[in-house]
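First the structure, in the form of structure tokens, and then the observations on it.
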Amino acid sequence: AVTPGSIPNFPFRDCNTTNGAYRLAPVWRPSGSNTYCFKIQVSQDALSCTGACCSADLHKIEFNVCSSCLVAGASVDATVNGVRTRVGATLDKAPAGPVGSAVLRLTQLGLDTTTAQDAEVCLTLKTNRGGQGCTTLDQLCSSPGFPAGTCTAAMFDVACDCCPVSQAGQALPPPPPVIPPVLRPCDVCIAATIVPPANDVRPYRYDSATCAAIQQNIANAMNSLLGGANINVFSPFAPNASQCFDTQIITCGRFNGSDTDALANLTEAVQQQLSAFIGVASGGNVCNPKLEKYTVTVSTINNVADQCLDLSQSASCFLPGVPFPNCTCNTTQGVMPFTVSPTWYAQPANVRWGRNVTEYCFTVNTLQPSQVVPSTCYNANDALAKIEWYASDAFRSAVKGFTVYPAGGSNKTIADSWGATGTDTLKVNLNWNLLQANGGKVCVAIQNPFTMGDICKGALGQCYASIFNRDNSDYCCPIYRTGP
């Protein structure tokens, strides 16, 4: 039986939200009374998908919708390339989602990687006889952190293993007719979007300072590319705080696109720049631990009248697996109400460890009960028994021990402890309850000049940390990637 609230984030299913060939084009278009159309894009490159998800058919699309649209008698008609879907669109509650979550489901689509490319899906929203129900995408679509009218959709294969999530938003309104008709005004925005995983146990959201820095970086690059293409600029790309959202940052400019050759050169230059923009949007590296399991997308948004630049690129971090931890246990993030912060920091060491020693501190946080992923390995009130790091045996002598700081309690020092030689495992026993763990920290004392990044294995300059609730059969050991 499905447990209500067991999967708090869309698509409210246990599937891979970042791996798949199908996504919505960044912009939807209106088409007559209460009808809205979305274009499907197919991308089978390594940044979009791996393995079977790259070739799977598109069986079903589910949209994240507002439960207020689930009104008796209200309905949605769906077509693909002008033909009604084989099975009618249905509005339904999400059984595993939080209270109030709902989806619009289009199933048995029968599309593949060839027939889905540029296929157009149109939705006609109808009220009941009493005029109740949703008639606009502002009312229908639920996309927290995005501008109103943005729709979030998941594309499923038949087995519902692959479910890449993407967004489509409103096009910018046409500009007022103040520019002479001999010119071609191009109102273009660059949208940098982070798409959280379905199980978002370490949520990362853009703050105002990060947004301003990313907007400035993108603006500088776009203005330089416009100059290099010898294109006349009406309004340079520039930061705008009103275009900063939790999971999306938009940077806009306006230029003359009447010279088709110059516009073609600009298009090629911006296409080559998209990977750099993804790096900017992800803090320098898409494998930044803060964005573990996230997808980063950079795309253009144009005005309705003229699609001057139509570009998009997505990336996720796919690192090779590591032989850690050295046991058989449940490594799924979120199966315990404890997490390790994606960043560590350095501080002066406890005097016990002597001179020329630095401590590298990892903060522990806790989840709400509704965020914990159901499993057989965790029982209510299980303690945070220990933390293990994937660390090189070659640096055993450099690790002096631990200083641990339970929340609300006194700190204490603990001697270093390692697994058997060859397992490359550094560990510390804690036995913390939820109160002690929420904001508690564990600091590893390391002899200079070595650093935490030196002793950790797996990802260059980063660490894999695994947390445990016990050491006997059927236990939890979720793995979290961390960095400086």
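Cβ atoms here come from the backbone N, Cα and C positions, even for glycine.
Features as listed in Swiss-Prot:
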type	residues	note
CARBOHYD	N16	N-linked glycosylation site
CARBOHYD	N240	N-linked glycosylation site
CARBOHYD	N256	N-linked glycosylation site
CARBOHYD	N265	N-linked glycosylation site
CARBOHYD	N326	N-linked glycosylation site
CARBOHYD	N330	N-linked glycosylation site
CARBOHYD	N356	N-linked glycosylation site
CARBOHYD	N411	N-linked glycosylation site
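Taking the C-alpha positions, the distance from N256 (N-linked glycosylation site) to N356 (N-linked glycosylation site) comes to 60 Å. The secondary structure of N411 (N-linked glycosylation site), as reduced to three states from DSSP, is coil rather than helix or strand. Using a 10 Å radius centred on the Cβ of N326 (N-linked glycosylation site) and all shown protein chains, the other Cβ atoms total 14.
On the backbone, the CA of N326 (N-linked glycosylation site) and the CA of N356 (N-linked glycosylation site) stand 32 Å apart.
The number of other Cβ atoms within 10 Å of the Cβ belonging to N256 (N-linked glycosylation site), over all protein chains shown, comes to 19. Counting only residues at least six positions away in the same chain, the Cβ atoms of Q447, N448 sit under 8 Å from the Cβ of N356 (N-linked glycosylation site).
Comparing C-alpha positions, N265 (N-linked glycosylation site) sits nearest to N16 among the glycosylation sites N16, N330, N411. Classification of N256 (N-linked glycosylation site) by DSSP places it within a strand.
The distance from the Cα of N330 (N-linked glycosylation site) to the Cα of N16 (N-linked glycosylation site) comes to 17 Å. Of all the glycosylation sites listed (N240, N411), N240 sits in the most crowded Cβ setting, with the most other Cβ atoms within 10 Å. When secondary structure is read from DSSP and collapsed to three states, N265 (N-linked glycosylation site) falls in the helix class.
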